[in-house]
Amino acid sequence: MQLTLEFGGGLELLCDSVKIHNVDVSPNNEVDKLTMKDLLVWVRANLIKERPEMFMKDDSVRPGVLVLVNDCDWELSGQLDTPLEEKDVVVFISTLHGG
Amino acid sequence: MENKMESKGGEAARILSEIETLKATRSDLDNRISALEAQLRHLNFEKNNVSCPSISTGFVHGLSPDMIYRYSRQLLLPSFGVQGQSNLLKSSILVVGAGGLGSPALLYLAACGVGQLGVVDHDVVELNNMHRQVIHTEAYIGQPKVKSAAAACRSINSTIQIVEHQEALRTSNALEILSQYDIIVDATDNAPSRYMISDCCVVLGKPLVSGAALGLEGQLTVYNHNRGPCYRCLFPTPPPTTACQRCADSGVLGVVPGIIGCLQALEAIKIASAVGEPLSERMLLFDALSARIRIVKIRGRSLQCEVCGENSAFTQQQFKDFDYEKFTQSPLSVAPLMLNLLPEDHRIHSRELKERIVKGEAHVLVDVRPAHQFKIVSLPNAMNIPLSSLESRLAEISSALKEEEKRKHSGFESSASLYVICRRGNDSQMAVQLLHKVGFTSARDIIGGLEAWARDVDPNIPTY
Ligand SMILES: [Zn+2]
């Protein structure tokens, strides 16, 4: 499944400072749909190059990270259970405090 | 040679102090001039009103002829008009922080005619603020930001009320200060302040225009407005302290907070004038490098939110007693972190090191700052091994030590010392901890880093 993943607010530093990743992620088997929970595991294994604790905590993202699926907060689509479709855009963004 | 340098140093100090004195005099004069100008405007204003009482009282909207002329370009906007301006003039807005975000926000809020404009800050103006904190001028370096910002606002618009709160916002004074305003603008630069201001806005029922900027990115949203979410609905748990970068460490391009600050002023104006759709339940994400702005939909008010949720009863007293520094594990004021990780004999003062170097002690100096900071300034003969790659580059240190021993004591049995420096003396301590663990038992960190070296040993070393 083709997905576009974007990292911002400093999270890109965990993946070689690359912000936009066009990736191909396959579901675990033919029947199951890919969910955000699966995608997080995939991202951690394939894109995060350092300090994984700055990206994840337990099986979700760490506090202070907003997850947006097609420009919409994942809280509104089922969080970890959000199903993903072909060509979806998933944004991971760390909240900023500077000013 | 030494004497000549000293006398040059003395002369430089004398010139610096004369500049300081002249600047103080100039800023004093500027203040007196702007106060007199305000007085004069006020007199003219009264005179006009006296001479034409029928006109000044003749309009139902309450705008004086001067106001109509000053704000005419806003009155001409069909979607803003007299009603929007009149609402704005009756409103009060508080900007917390007169820094990179607060500077443009305050300038536009003063210019557009907010009735009462407050500013809170406890900091003073510094030279390294000026690239982004555009409300301040060089004449105000060393003076309170609130004083400088208020003077700038008054010089743009002497007809509105500008209120100076020259103090740090704390749980002890926040309720009292925020309660005097209709709308709050969060232009602060740290996590505990953001939680504190949001909670205080919930307790008092005030809308909050929240902006943030770092590096080349910015974020903006409106909290606690029209039953929308609060900061805690979005971020119930504070992020780890290592995720909270500061402009003073990570850098920021001046115009980036400028853009977010302008957008904060815009959102505050929209709410105050009751015009348009405020950015509630939505968040604006700005990426300067790729020139992209994305507006995303965010969650609504959370029923489970500990502060604004259905069953929460977060009272004024609970707010006053809440420890925001403990909650976020970081200080409210942004004083740089000063770690103390090492026993005394693993550390050295810059002056003592200077003496040892002058005496010709065999040593290797490792600078553990990131390469781009090393390029700004470094000490002679320092080798740059950033902390992040230290563990994989230990061999370079070993061979540098061997080299130095050979060079200084051809044949003698003696070892070279190992010193570690960074910007302020925090990373260098972490590096020395690591070095001791892997067997470099002579490693010592330079207390206070390059900043201390510049202060105590060589004032010609630039700080940043
Ligand atoms: Zn809430």
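Each Cβ is built from the backbone N, Cα and C atoms, and glycine gets one as well.
Heads up, TrEMBL stuff is auto-annotated, nobody curated it.
Since we're looking at a predicted model, the values are computed, not measured.
Just one of B:GLY100, B:GLY211, B:GLY215 is listed by TrEMBL for the same ATP site as B:ASP121, B:ASN128, B:ASN129, B:MET130, B:HIS131, B:ARG132, B:LYS145, B:ASP189, B:ASN190, and that one is B:GLY100.
The coiled coil annotation in TrEMBL falls on one of the ranges B:12-46, B:47-81, B:222-256, namely B:12-46. B:ASP189 (ATP binding site) and B:CYS230 (Zn(2+) binding site) are 18 Å apart (CA-CA, integer value). B:CYS422 (active site, cysteine persulfide intermediate) sits 18 Å from B:CYS247 (active site, glycyl thioester intermediate), taking the C-alpha atoms as the reference points. Closest by Cα distance to B:MET130 (ATP binding site), from the recorded positions B:CYS233, B:CYS247, B:CYS305, is B:CYS247.
Using a cut-off of under 8 A between C-beta atoms, the binding-site residues B:ASP189, B:CYS230, B:CYS233, B:CYS305 that neighbour chain A are B:ASP189. Taking B:CYS233, B:CYS247, B:CYS305, B:CYS308 as the recorded positions under consideration, the smallest Cα distance to B:ARG132 (ATP binding site) is found for B:CYS247.
Proximity to ligand 1 at the level of Cβ atoms, with a cut-off under 6 angstroms, picks out none of the recorded positions B:GLY100, B:ASN128, B:MET130, B:ARG132, B:CYS422.
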